[in-house]
Amino acid sequence: TLQEDPTLERNFKGHKDVVTCADFSPNNKQLATGSFDKNVMIWNLTPKSRAFRFVGHTDIITGVHFSPGGSLVASSSRDQTVRLWTPGIKGESTVLKAHTASVRSVHFSNDGQRLVTASDDKTVKVWGVERRKFLYSLNRHTNWVRCARFSPDGRLIASCGDDRTVRLWDTAARQCINVFTDYGGSATFVDFNASGTCMASSDADSTLKIWDIRTNKLIQHYKVHSAGINNFSFHPSGNYLISASSDRTVKILDLLEGRLIYTLHGHKGPVLTVAFSREGDHFASGGADSQVLMWKTNFDSLNYRDLLSRHSKRVTPDPPPHLTDIFPRSSHQHQAQNGTIEDVRDHDTATTSCRDQHSSGIGLGPARTHTQHREEEDREDEVRFAHGTMTSIEERSGIPSNITSTLENIVQQLDILTQTVAVLEERLTLTEDKLRMCLDNQALLLQQNHRVDQSDEERETEEPFV
């Protein structure tokens, strides 16, 4: 995929004060933002659609988050409450009260059943969404808690705050299972990557750290901002991260290469929030200048919905290639179709708009994908072969086309091989986990049997001989 600079696509004006938080809806049709003006705004991303302003909180909005189904928006506020809004015209809301100080953040679990909130009352609280009820508190922080987030599988909660710690909690046991303390200032924000294997945290000392939570090791450490980091967001692929800072910039990190790739200067004051859309094709930023900016990602225009569907097929790797697929084939004399996406994408001179249109799947109608195009070519080959109309090697046209075709096939087979290796790695990890569990259970059983044997022996020695 060609890498291009992110571009500013829209500027939303409606907040009357500092913009503190932002989140895209799961269907990518709405953007929710909160502000010092005490209002939650829902911006409809379709052109010329009007925004909704939700009024109800009596103090600064500190966090917003869409439920996984998109039917609710949760907001947290300095007024010590959380509200659950229906993101429509009426803007009705339910108020949740249990904190005794400002609520700093709010986040839905991936199943949409629970909410987690962080507060200046030094607690993290978990709520049941369906019944709108407070469930339990997590109380080990010794100062204000600034952020709390569920892991993708909902089994962990990460929280951070002014006690300069990041804590990991087990949601089943409701206990703190790990503490990360190496922070120069207040820990300002924490979140998991999409796979749930890594956790990132930022602090007021302008550093950003990424931890592998399977080994509890610090794997990456960035100091790219010149002032405190207020917020960050992982790209859905896990390959990129954007951060918002009081140094007035948004920075984009390439996590695979471990380097800073972009610095964006769109805001006129401190940037307080950034958020990728669920598809990763857009991101939003908001700050002290009361502006909400929406950017087109561009630097990573892979279609992740496509990619995820390919990943799901990995469980059943492709069958071995057909002989006609391996052998160099003649070039296909297809008629060029005007305006088909594969024709545009296969040229180096493809325009951004065409490539990005293909990525986000907007307005394509029934256009064929590149994969479908290849499958049709393969079927045509097999039909020709079956009817004896395939040309002999000597009759094939030009060497270059044959070499190109062979290279394409090699690339395809390598792709299959890479995917298969990834599946095997995942399965190996699962097997290791299960094996460890089995060994632990076996050790427990052996201990129990040993105790039983000992008690039997003691009983026998105590009984008198008859």
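Backbone N, Cα and C define each Cβ position, glycine as well.
Curation plays no part in TrEMBL annotations; they are all automatic predictions.
Checked against TrEMBL, the range among 15-42, 183-210, 407-434 recorded as coiled coil is 407-434. With a cut-off of 8 Å between Cβ atoms, the residues of this chain six or more beyond the repeat 'WD' (12-53) that come close are 59-66, 68-70, 73, 75, 77, 83, 85, 87-89, 91, 231, 272-279, 281-282, 284-288, 290-294. Long-range contacts of the repeat 'WD' (264-296) within the same chain: residues 6-26, 28, 31, 33, 35, 41, 43, 45, 227, 230-237, 242-252, 304-305, 356, 359-360, each at least 6 residues beyond the stretch ends and with a Cβ under 8 Å from a Cβ of the stretch. Averaged over the repeat 'WD' (12-53), the predicted model reaches a pLDDT of 95.
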